[in-house]
Protein chains: 2
Amino acid sequence: MFVPAIKGQGTEEQQQKWLPLAYKFQIIGCYAQTELGHGSNVQGLETTATFDPKTDEFVIHSPTLTSSKWWPGGLGKASTHAVVYARLITEGKDYGIHGFIVQLRSLEDHSPLPGVTLGDIGGKFGSGAYNSMDNGVLRFDHVRIPRDQMLMRLSQVTREGKYVHSNVPKQLLYSTMVFVRQSIVADASKALSRAVCIAVRYSAIRKQFGAQVGGPETQVLNYKTQQSRLFPLLASAYAFRFVGDWLKWLYTDVTQKLEAKDFSTLQEVHACTAGLKAVTTSATSDAIEECRKLCGGHGYLNSSGLPELFAVYVPACTYEGDNVVLLLQVAKILMKTVSQLTSGKPPVGTMAYMGNAQHLMQCRCAVSTGFFERSPDVVEAAVAHIQLIIVTKFIEKLQQDIPGHGVKEQLQNLCNVYALYLLHKHLGDFLVTGCITPKQGALASEQLGKLYAQVRPNAVALVDAFNYTDHYLGSALGRYDGNVYPALYEEAWKDPLNETVVPEGYHEYLRPLLKQQLKLSRL
Amino acid sequence: MFVPAIKGQGTEEQQQKWLPLAYKFQIIGCYAQTELGHGSNVQGLETTATFDPKTDEFVIHSPTLTSSKWWPGGLGKASTHAVVYARLITEGKDYGIHGFIVQLRSLEDHSPLPGVTLGDIGGKFGSGAYNSMDNGVLRFDHVRIPRDQMLMRLSQVTREGKYVHSNVPKQLLYSTMVFVRQSIVADASKALSRAVCIAVRYSAIRKQFGAQVGGPETQVLNYKTQQSRLFPLLASAYAFRFVGDWLKWLYTDVTQKLEAKDFSTLQEVHACTAGLKAVTTSATSDAIEECRKLCGGHGYLNSSGLPELFAVYVPACTYEGDNVVLLLQVAKILMKTVSQLTSGKPPVGTMAYMGNAQHLMQCRCAVSTGFFERSPDVVEAAVAHIQLIIVTKFIEKLQQDIPGHGVKEQLQNLCNVYALYLLHKHLGDFLVTGCITPKQGALASEQLGKLYAQVRPNAVALVDAFNYTDHYLGSALGRYDGNVYPALYEEAWKDPLNETVVPEGYHEYLRPLLKQQLKLSRL
């Protein structure tokens, strides 16, 4: 994250100086923004960078405990440098948050430089995963850096201490944010399809109960209760893949527009990427855990691959913009768009549909006043808007040529499953607004049941199509060859506890207990 | 789990012989039921216990890989004995699953006895928690045990190999199951209130954003989006507590009835406990993870206490009856009750309300035929039935005297929050059946918003009332004194990574990398 910050906010000279160093490993850099007391509200960060015109330096300082930098990955033990975000103070005035390149550790012996306190912030969710990352804590005690280590692409401080803006438009920074968030959407599809692949394959192997006691048992995948939980997730994996592909295109498109100083679609693009990031990551987190539960008890074993997939994935709901905060931003843009419908400026892109809503045109609504009071409702509206985008992009995908005999039909089934599953999930909203009748609601549920029956024969093929290797899946339950039970059994014996037959501690603790020689007071 | 099995299914002589040994630690016993290939479907277990009349012994055997016992807690490394569930075969006939007391390890040196293979099944979800439990794998190669180690309370095998039933009614076994499940419901309330306590307290301390940039920031607990996610969980914690208390009474009541050979309420009690187990554990699992997310990034740290609470809790959805399987059992009883409405046998207890539904009386419905086809719908019906029980018991609690000035009013608010939250969540079902009008649905949502505002001033007091010590909560975020940030900061430094300033491996890996002396082929 060091590199994009310099690319996005550094001047050309700064890029020429620092990027080769970072690329060639002569420094290890991290992106130090969040603090112990501030995450989402970047403007509330407390670290200060006060300009000292006497020495032409910035003094970086952590004035409070809550201003300690907290969370940056790679900071705790590895980084030699950081891009530190701090309040720029010059001529006694606070100009808000800016980025500064700060050296943290000696390049000779890796010890923290004077005035720099560094450490790891401790254990995290899961047994592996992010625990191999040294998320760090960082405090500054009046650390001085040269003035030219302020990232000066957008604004500068002169030798005399004057704060001046450059003529580079601020909007250019959005490009990096759009890039990062579109890659998160792509990752959501990847993580979800991984979990779904494991759950579908194991559900085809696992058998429980049967039509009659003592008779052959039924594949769990044949149970309607299993299908109704699993197939919407399978459909979601495909839906997120297609909307992710489209988002890649959108990123290229907006980057070109930004370079041509065309900012007309920026707000809509921001709503798209922020909203899709929030909706796909929340849905994927929940879905991975649901897939784990759909694997029964064995899903709780690390050898299923699912516990770690979950623990590694869930931070996506929080990093790069907390999902609720992002949805509130989307909601705000939606409200603004609705309130401008009568202004003659038609909504663009994924919001164009609003222009068709004649009755919305009537409302010059005073939405802004009640906005925070009604925030849970407008968040739901934002989610609905994003779900509409996902369904639309799925449908658009199906309007293209899709190679392979019968593939389009299968995708059509999944598209219908995804859309009807959303309708079923949010039935109340559809009914309360009169969009559909209760009878239509019941028909939709019935149709969903029929679609599950059509997906069933192709379910395994639809996850095989993700083309994940067993090595990548890392799951005894999700093996391509279906030899689940030998794999689980074999994995078990690899546990370090099985290195000895009689466990360590038997002679010291267990035996005295069994022989009643252990004093009860020691228990 | 060794002890209840012997108590429930052993004869009086067996109890007199084995229970004192187990209590006095001369043996360590576990309950070996589930197998690699079978969990929920107990009747599908494959381990065999074949009676050999020549020697008056049972031969315990694992005929397949999938028949390996898998999951029993304490089996892998500690247990000396197990109650093993196996198919009883005598005179060439399979009499289904019965329990047998089998010695697994030598009492002299703890080594597995001949024919017994034992091991741990490997790492599990979370970084601590169930990883300190040696869930085990166990295989038998024709292991012989004396005939009197079959648990013979309900049925016996004679010296000649005849299979005979005792006159002890099978229904008496339900008592143990009801006991275990009512304690799971009580635990759900405990786990949920722990998570809610952490999230509410931290939300009162944590501030993000404010009415104006640069101005004072707002407590996160004041945001409507936070309230709408958190307060229904707070209400659920209380709701589960009250229904759990009632379930304890129900257990005592049914035990007395069973002892008097009165089985009239057994089916209804079974539906209650199975359904409440399923609904409260599923809701609690989801709620703990939601509380973690409501704590933002810091919830991902182990020092928040939430990751481990989640990892330890989630197996409750699977053990002692998979939640979906249990809900299908509840649904089956509901369908049966409806179909018997015209029989003149009025439904009892928590199902009594069905007797009042005149229109249900009309349907002699053929529900049983379509049961499996419609299983996702009937599972939803079972959930609704259980939620009705929870709301009812909350209301009944409020009809009692509640000491403390104003306490009843606060509980009344939470009861309304819980009921309206369920209505909001399942709005589609209420609308589609015409139980409420769209206008009433909108009013309910509006009322919910008003209730949140009433809960807000007392939210912290309502979690303080759980009276958990900081030691028990184990959370830097959930501290009673609110000194969250110093606690988080202090916890961080306890991480073993912080024992050295320059990390281990710097000289071997990092320095050569930085100095470009590390060959790239080694990466």
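Cβ coordinates are placed from backbone N, Cα and C, and glycine is handled just like the others.
Since this is a predicted model, take the numbers as computed values, not measurements.
Annotated features, as they stand in TrEMBL:
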- A:1-28: domain 'Acyl-coenzyme A oxidase N-terminal' (DOMAIN)
- A:30-131: domain 'Acyl-CoA oxidase/dehydrogenase middle' (DOMAIN)
- A:174-335: domain 'Acyl-CoA oxidase C-alpha1' (DOMAIN)
- A:374-515: domain 'Acyl-CoA oxidase C-terminal' (DOMAIN)
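Distant neighbours of the domain 'Acyl-coenzyme A oxidase N-terminal' (A:1-28): 72-74, 78-83, 99, 101, 103, 107, 148, 151-154, 172-173, 175-176, 179-180; these residues of the same chain sit at least 6 beyond its ends, with a Cβ under 8 Å from one of its Cβ atoms. Secondary structure by DSSP for the domain 'Acyl-coenzyme A oxidase N-terminal' (A:1-28): 20 helix, 0 strand, 8 coil. Within the model, the domain 'Acyl-coenzyme A oxidase N-terminal' (A:1-28) carries an average pLDDT of 88.
Under DSSP, residues within the domain 'Acyl-CoA oxidase/dehydrogenase middle' (A:30-131) fall into helix, strand and coil as 6 helix, 46 strand, 50 coil.
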